[in-house]
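As written in TrEMBL, here are the features:
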type: DOMAIN; residues: 62-85; note: domain 'Trimeric autotransporter adhesin YadA-like head'
type: DOMAIN; residues: 92-131; note: domain 'Trimeric autotransporter adhesin YadA-like stalk'
type: DOMAIN; residues: 160-196; note: domain 'Trimeric autotransporter adhesin YadA-like stalk'
type: DOMAIN; residues: 211-237; note: domain 'Trimeric autotransporter adhesin YadA-like head'
type: DOMAIN; residues: 239-260; note: domain 'Trimeric autotransporter adhesin YadA-like head'
type: DOMAIN; residues: 266-290; note: domain 'Trimeric autotransporter adhesin YadA-like head'
type: DOMAIN; residues: 297-318; note: domain 'Trimeric autotransporter adhesin YadA-like head'
type: DOMAIN; residues: 352-393; note: domain 'Trimeric autotransporter adhesin YadA-like stalk'
type: DOMAIN; residues: 399-423; note: domain 'Trimeric autotransporter adhesin YadA-like head'
type: DOMAIN; residues: 429-456; note: domain 'Trimeric autotransporter adhesin YadA-like stalk'
type: DOMAIN; residues: 474-539; note: domain 'Trimeric autotransporter adhesin YadA-like C-terminal membrane anchor'
Amino acid sequence: MDTTLIQSNFGNGSGNPCANGGANAENTVATVADLSGGGGGIVGGPKEVITNNPRSPGDAIATGNNATAVGQGSVADRDNSVSMGVVGGERQVTNLAAGAAGTDAVNVAQLNSANANTLNQANNYTDAKTANVVQYDVDASGNRTNSVTLAGGSSGPVTIHNVATGIADTDAVNVAQLNTATANTLNEANSYTDSKTKYFKANSTLANAQASGAESVAIGGNAVASAPQTVAIGSNSAATGDNAIAIGYGAQATGSVAVGTLASAGQGGTAVGDNTSAVGENTLAAGTGATANVARGVALGNNASVTVNDSVALGANAVASRGAAKYFDPVTGLARTSAGEVSIGAAGAERQITSVADGHKATDAVNLRQLQAMGANAQTYVDNRVAVNNTGNLPAPVAPGSNSVALGPGSVADRPNSVSVGSAGNARQITNVAAGTAPTDAANVGQLNALSDRTQRMVGAVGAMGAAMAAMQPNARAEGPLSISVGAGTNGGIAALAAGINYYASNRVLLNLKASTAIGAGLSASQTVSVGVGATFGF
């Protein structure tokens, strides 16, 4: 067996047990065979056997200056070192006596004793000296956390002195750095406030503003914006209902817009002005004290008021309280109802509407010029149906009688249900009157004259027939009981004939039948024929 077990490298060859000498010379000093002899080599005693056999695999190698490698495959590559193995192939040194000098190797017994002494001293030092040492906090399981609590043996805060200026982002900062940063922040804030927000200030002791609705804004003491997309600006303002806007002290808007001190608006309404109210549905009130508390009302002007639906009050103190009204449409002949009322004033405080353009459509307003053109102040007005010529400058007609009509200048209709075309001492004719046909129609002079003529002729016929009747009275008694009499008469140019039969029922009773007719009266037979029956009794 010829394996090198110990190799030493002693440098310069001075005192080197190897005979080859020279710096860094490698010397093989022993083999297993060499060291196995009794008392020979390093293992057996002072005997040294040196060989210059070539290096074989597993040989000990000492490449460091003044280094020694002991054991097969050991490597001593550091200067002034002794190696018992190689990296990954370390060996124990056993049966090592306790070291005595400061440079002696120590065994495990010495090491354990030293460790025990060190731990005892450390524990004693910790108990007596480290009560105030800063340590990491631990969790319930005793694991160290990433926090440190400074207690100092009491529950109060602890001051850390002599803190260096922090540099990295995670370094602690000292008070000087904090004061500098605070001063810089205040200077920048003051500079920004002075230049950017000098017109925005707030001073209130009321409750905090509340903007609980989605995308809402509340500004001012106790301002409340409680519905989505609402805005409340001003102390005690409130915007409720989607998209409401309330601006001004105490302004209240419910799904609407209210702008002004104590302005209030209901659903869909708009109120603009101090103490303005538009709480009716879809109403508008603008002007200090304006009110439109009905559906779809509009009040424009200070203290303007609308109290009926769908009506409008325009101007300061205007009042719209009448509302929709029924009326007769002369064009269609039908009864209608207006949509509402428009008022531009109030009782005793009426207003003119000026600068009105000429109306063109049937529902357009007309101006005074158009009205004057109709003949309100004209001497003669003609519309192809009526002609009035006030040549005498008579006063306007009057009709004080109930349900009466006065036609023409100066006419007076002072009796109920009458039509007057003149006045006492100023009578007028009504000409070109058609003949009346109904019992209540007016009759013209032609009808009156015809009636008079017929009346005269009838009177003449009656007279003639009376004369004829009188002429045929029986004057002679026939031998028998029966006699016939004939008579004729005339009156006013009208002739008449009469005939009769007489019958003597006895010497004391006479019965007769008579008839007469007028001739030339121009009347019908029913108007000119008369028949009579008579009886005469003698006593």
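Including glycine, each Cβ sits where the backbone N, Cα and C put it.
Predicted automatically and left uncurated, TrEMBL annotations should be read as such.
Remote same-chain residues near the domain 'Trimeric autotransporter adhesin YadA-like head' (239-260) are listed as 213, 216, 218, 224-233, 266-276, 278, 288 (criterion: CB distance under 8 Å, separation of at least six residues from the stretch ends). Across the domain 'Trimeric autotransporter adhesin YadA-like head' (266-290), DSSP helix (H, G, I), strand (E, B) and coil residues number 0 helix, 8 strand, 17 coil.
Over the domain 'Trimeric autotransporter adhesin YadA-like head' (266-290) the predicted model carries a mean pLDDT of 96.
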